[in-house]
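To start, the structure under review is shown below, and the notes come after it.
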Amino acid sequence: MNTQILILAISAFLCVRADKICLGHHAVSNGTKVDTLTEKGIEVVNATETVEQKNIPKICSKGKQTIDLGQCGLLGTTIGPPQCDQFLEFSANLIIERREGDDICYPGKFDNEETLRQILRKSGGIKKENMGFTYTGVRTNGETSACRRSRSSFYAEMKWLLSNTDNGVFPQMTKSYKNTKREPALIIWGIHHSGSTAEQTKLYGSGDKLITVWSSKYQQSFAPNPGPRPQINGQSGRIDFYWLMLDPNDTVTFSFNGAFIAPDRASFLRGKSLGIKSDAQLDNNCEGECYHIGGTIISNLPFQNINSRAIGKCPRYVKQKSLMLATGMKNVPENSTHKQLTHHMRKKRGLFGAIAGFIENGWEGLIDGWYGYRHQNAQGEGTAADYKSTQSAINQITGKLNRLIEKTNQQFELIDNEFNEIEKQIGNVINWTRDSIIEVWSYNAEFLVAVENQHTIDLTDSEMNKLYEKVRRQLRENAEEDGNGCFEIFHQCDNDCMASIRNNTYDHKKYRKEAIQNRIQIDAVKLSSGYKDIILWFSFGASCFLFLAIAMVLAFICIKNGNMRCTICI
């Protein structure tokens, strides 16, 4: 009887062998690991780097109006030492300073020089206007061997005013300049500190010297400080330069009685530019928007780990050398053991015997899309990508990199650490602030990428679930889920039928009658097979009972005939 039941079950199963369609996603043998908010080292099919590490060791100047100052320092273009004669007026949107560049010829310094340097780097170049000062009773041709052209000379944009004769009286003078332009004027003047009191008397006469400068927003008095100093360029004296930005229609006035280095022309800024100090070679064959001391950063990535002091349209500097952004779904490759099992089970159970669909494993080789189908029917086996769900995921993921760039990119200004002693505290604050910003953005970068990665993985899982639900709603009672991402179909489903499931045009009513009949047969087989163990145990029990009954009957007959005696002892 058991044999009959087993044969019946096998026969019924063979008769109603179901066609099958499975859903899965693309997988690769070696994915890329990314970090999310909740987990580190999750493997995904695709990922892209967000931190640029490649540097172009040149200044890419193609398409730029570039000026290479060479031996001229940027501040020197405003006062005119001999090395800056060709740069007294210029126009540029990329200004290159070199380490060999010098701002001065006669020893001295600029007050608040870094602020002025930043103004000039962004200036787009400078143009000049004569201030119209005239002088009587003094010499205007002071010169020095420290500023040589063909012979001793002086700053081209300044006048060194001296007494008419050595040790002669320097008259009290007042000069004013009104800015009639529509943009601010850069006004620069100097104070000469002689190498000794005797030298000061020789140049400007005896007595205390005082220079006063004022405008509507500025007022300052200066007294020269003569005295011996170490010689530089053969000079023990110093010239300190001061400056102000004079608003339109405002007037600056100078009152002095010696030791005054007078401005000859006012400077006006032309527009906007980038300025960088670098010794990298200029290259007119490449384009760039982000520069640093070592060259150019050409990148569409949101972050860079090349130089924390890059300027221009630059990726944000972060401490991390790599931050991978997921652009594909979670990768669950078929390992070697799984592949061997798949091959073994295919021989026994067909294409889907060991494939666990999107729940346990992806499908390697699904190159036409992220999500897809595999089917098995009387016509054979096949695989197809689902373009709609794939495109839906891609549309939402595309632009992640651009969104990160929008959140992080901005113009950066470079503040060098060329501070004098008075400015060192300011320099320390700037450096501390820069370091703090790097720390904050390094954390922000890691957080932003982790958030996007979490969203990508959740999104791709969601699209997979949507695809699965779409198939389930179409098939309804015509198929049964096997828990592994597959549906056993209870009717004959040829390739056109499979295509209709993929295209969301499947008509479940068309196959309903056949599916119900086949489902009843399969359910009957499952029901009968379920009682097999019960029947086996019942047969075993009945056999034991029959054997015991026969033994008792034989014993009774033997006792009755005297062939067996039973003695009970107490």
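Cβ coordinates are placed from backbone N, Cα and C, and glycine is handled just like the others.
Recorded disulfide link (Swiss-Prot): Cys286 to Cys60, out of the candidates Cys15, Cys22, Cys60, Cys544. Between Cys105 and the candidates Cys72, Cys84, Cys147, Swiss-Prot records the disulphide bond with Cys147. Counting other C-beta atoms within 10 Å of each candidate's C-beta, the glycosylation sites Asn30, Asn46, Asn249, Asn503 are led by Asn46.
Looking just at the topological domain 'Cytoplasmic' (555-570), the mean pLDDT is 64. The highest number of surrounding Cβ atoms within 10 Å, among the disulfide-bonded residues Cys72, Cys286, is found at Cys72. Other Cβ atoms within 10 Å of the Cβ of Cys84 (disulfide bond) number 27 in total over all chains.
Here the disulfide-bonded residues are Cys60, Cys147, Cys290, Cys314, Cys493, and the one ringed by the most other CB atoms within 10 angstroms is Cys493.
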